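J.: Take this structure first; my questions come after.
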Amino acid sequence: MSVIVLAGAIGAGKSSLTALLANHLGSQAFYESVAENEVLPLFYEDPEQYAFLLQIYFLNKRFANIKKAMQEDNNVLDRSIYEDSLLFHLNADLGRANEIEVRVYDELLGNMMEELPYAAHKKHPDLLVHIKVSFATMLERIEKRGRPYEQLEYDPTLYDYYKELNRRYDLWYENYNQSPKIQIDGDQLNFVESPQAAQQVMAMIDEKLFEIRN
Ligand SMILES: Nc1ncnc2c1ncn2[C@@H]1O[C@H](COP(=O)(O)OP(=O)(O)O)[C@@H](O)[C@H]1O
Ligand SMILES: Nc1nc2c(ncn2[C@H]2C[C@H](O)[C@@H](COP(=O)(O)O)O2)c(=O)[nH]1
């Protein structure tokens, strides 16, 4: 079974593009657990206390989503399991998780990756689509979406957190080699409001899928 994952910083447009792409491919979209996520607001309130718990929460939900998504071809996942690790290591570097928590998480993730059901011989998605956004766009979109606990007024230190996350995402994508990948310019392509831009993005992804599959 084949699966496509959407990657990108907070507010990059992953959920929006997940919906468009699943609709385009006639498949199902699998979203991150946000609205019903009882740990996320606690994390933003007290990251030192909740970084590890949030990570375990996301890992658990992510794994369940991957298993479900794998039941049919072309399903689309909002964020990859690899990015969870990127986010956690950023938090650990900021002193929000201790060495033991990092070791336990890394080992658990490694173990779970071995069990991933992408295919018996292939443990990675068919395609990773990264939406690259500048830091300025990232901030704009976080504000536009308006989740209260993600706003800079709620916690001004989020500015540095988001800036560093955006920087690490670019490096992460450059080094990502677990599957075929494609990058979408989320600053230039307004696939949310412009049907032409949405069509352009679908065409880019179709072309990449064709290249991979032939
Ligand atoms: N390419 C885009 N152009 C304009 N607005 C966008 C674009 N992508 C996302 N948005 C808007 O930015 C906000 C965050 O998008 P969302 O899809 O929730 O991001 P993510 O899932 O990556 O956090 C939403 O308000 C969405 O409508
Ligand atoms: N500390 C972590 N935070 C995470 C992780 N995965 C998602 N998130 C946060 C970031 C956003 O506030 C929210 C939803 O993410 P979007 O990018 O979809 O807006 O959840 C994680 O692994 N660790």
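Just so it is clear, glycine is given a Cβ too, placed from its N, Cα and C backbone atoms.
For 4-207, the entry in TrEMBL reads domain 'Deoxynucleoside kinase'. As annotated by TrEMBL, ATP binding site applies to 8-16, 141-145, 189-191. Per TrEMBL, substrate binding site is recorded for Glu32, Tyr44, Gln55, Arg79, Asp84, Glu150. What TrEMBL records for Asp78 is active site, proton acceptor.
So where do these features actually land, and what's packed around them?
T.: DSSP gives Lys144 (ATP binding site) a helix state. The Cβ of Lys144 (ATP binding site) lies under 8 Å from the Cβ of Gly11, each of these being in the same chain and 6 or more residues away along the sequence.
Cβ neighbour count for Glu150 (substrate binding site): 18 (other Cβ atoms within 10 Å of its Cβ, all protein chains included).
Cβ neighbours within 10 Å of Asp78 (active site, proton acceptor), excluding its own Cβ and spanning all shown chains: 23.
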J.: Provide, as an integer number of angstrom, the distance between the C-alpha atoms of Glu150 (substrate binding site) and Lys14 (ATP binding site).
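T.: Pair distance, Cα basis, whole Å: 16 Å.
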J.: Which of these binding-site residues (Gly8, Glu32, Tyr44, Lys144, Asn190) have a C-beta closer than 6 Å to some atom of ligand 2?
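T.: If the test is a Cβ under 6 Å from any atom of ligand 2, the answer is Glu32.
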J.: Round to the nearest Å and give the CA-to-CA distance linking Gly8 (ATP binding site) with Asp78 (active site, proton acceptor).
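T.: Each residue's Cα considered, Gly8 (ATP binding site) and Asp78 (active site, proton acceptor) end up 9 Å apart.
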